[in-house]
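Q: Quick one: this structure, given as structure tokens, is what I'll be asking you about.
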Amino acid sequence: MWHLLPPSALLLLISSVTKAADPSKAVVLLDPPWVRVLTDDNVTLTCQGAYPPENNNTRWFHNGTHIVGSQAPSYLISGIKVENSGKYQCQTDLSPLSDSVQLQVHADWLVLQTSKWVFQKGESIRLRCHSWKNKRLYKVTYLQNGKPKKFFHNNSEFHIPEATVNHTGSYYCRGLIGHNNKSSGIVAITFQADFAGPSIAPLFPLWQQIAFCLMMGLLFAVDTGLYFFVRRDLRRSMVHKEEYNFKWSQAQDK
């Protein structure tokens, strides 16, 4: 019955079923969750994905190159260096290659840390003024576009509960390490207003989605088959009618 489907419809059906059957991509998580760190920090990357039973084999990639020798779900970078900067991805036996996570490593006294670069409307923003080797930092000021936004006598995170377009801009922090006044580099925080809606979990399990696609394909095939069957019989009827009319016309002429 599948041969009754037009090629374009068959390809569309196969594509929809394939997409429904594909598992979710793997996801790279950072611990601590900051995408900007200082040299000598410790960073753990964890691959969140689907694994077959008793097999947690994980493939890690740095700037598109496979990291040989790292097969565990967690990848620890101890005493991180500037050359460790770049894009990280992971893949499991049951999950496709993850989207990349951009990690920046800076050699400086201070770094303004953020968990991501682009925020959606209503999301919370966490900014952290981090010192090299966690040296004591006090009298910390967070600035947006050169203007002070928050001051802490003792170092603390700057938390924005709900992001809006007004929070777009260039941020940095400054504070005292000992008697020395230090400033971080600038971080550009951008805002995506209603560009993409929140992710919504599927209403039905995967097997029900696949069964639905197959059922719809079967119904479409039956409908298409009936269409061609009726059209063929209609053509035959028209031919017989024309032949009958022709013979009847000849009989009248005689």
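The backbone N, Cα and C atoms fix where each Cβ goes, glycine too.
According to Swiss-Prot, the signal peptide annotation covers 1-20. Marked as topological domain 'Extracellular' by Swiss-Prot on the basis of a curator's inference: 21-209. The feature N-linked glycosylation site is assigned by Swiss-Prot to N42, N63, N166, N181, with sequence analysis given as support. Summarising the annotation, Swiss-Prot assigns domain 'Ig-like C2-type 2' to 121-174 and lists sequence analysis as the type of evidence. Marked as transmembrane segment by Swiss-Prot: 210-230. Marked as site 'Important for receptor turnover' by Swiss-Prot on the basis of similarity to another entry: D223. The topological domain 'Cytoplasmic' annotation in Swiss-Prot covers 231-254 and rests on a curator's inference.
Could you place these features in context, so I can see how deep they sit and what lies close by?
A: N42 (N-linked glycosylation site) has a Cβ environment of 12 other Cβ atoms inside 10 Å.
According to its DSSP assignment, N63 (N-linked glycosylation site) is coil.
When secondary structure is read from DSSP and collapsed to three states, N166 (N-linked glycosylation site) falls in the helix class.
Within the same chain, the residues at least 6 positions away from N181 (N-linked glycosylation site) whose Cβ sits under 8 Å from its Cβ are R174, G175, listed in sequence order.
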Q: Around the C-beta of N166 (N-linked glycosylation site), how many further C-beta atoms are within 10 angstroms, looking at every protein chain?
A: 9
Q: Sort out the sequence-distant neighbours of N63 (N-linked glycosylation site) for me: same chain, 6+ apart, CB within less than 8 Å of its CB, listed by position.
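A: In sequence order, G86, K87 meet the Cβ cut-off.
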Q: Measuring Cα to Cα, how many Å separate N42 (N-linked glycosylation site) from N166 (N-linked glycosylation site)?
A: 33
Q: Using DSSP and collapsing to three states, where does N42 (N-linked glycosylation site) fall: helix, strand or coil?
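A: Coil, per DSSP.
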Q: Please report the three-state DSSP label of N181 (N-linked glycosylation site).
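A: For N181 (N-linked glycosylation site) - judged by DSSP and reduced to three states - the answer is strand.
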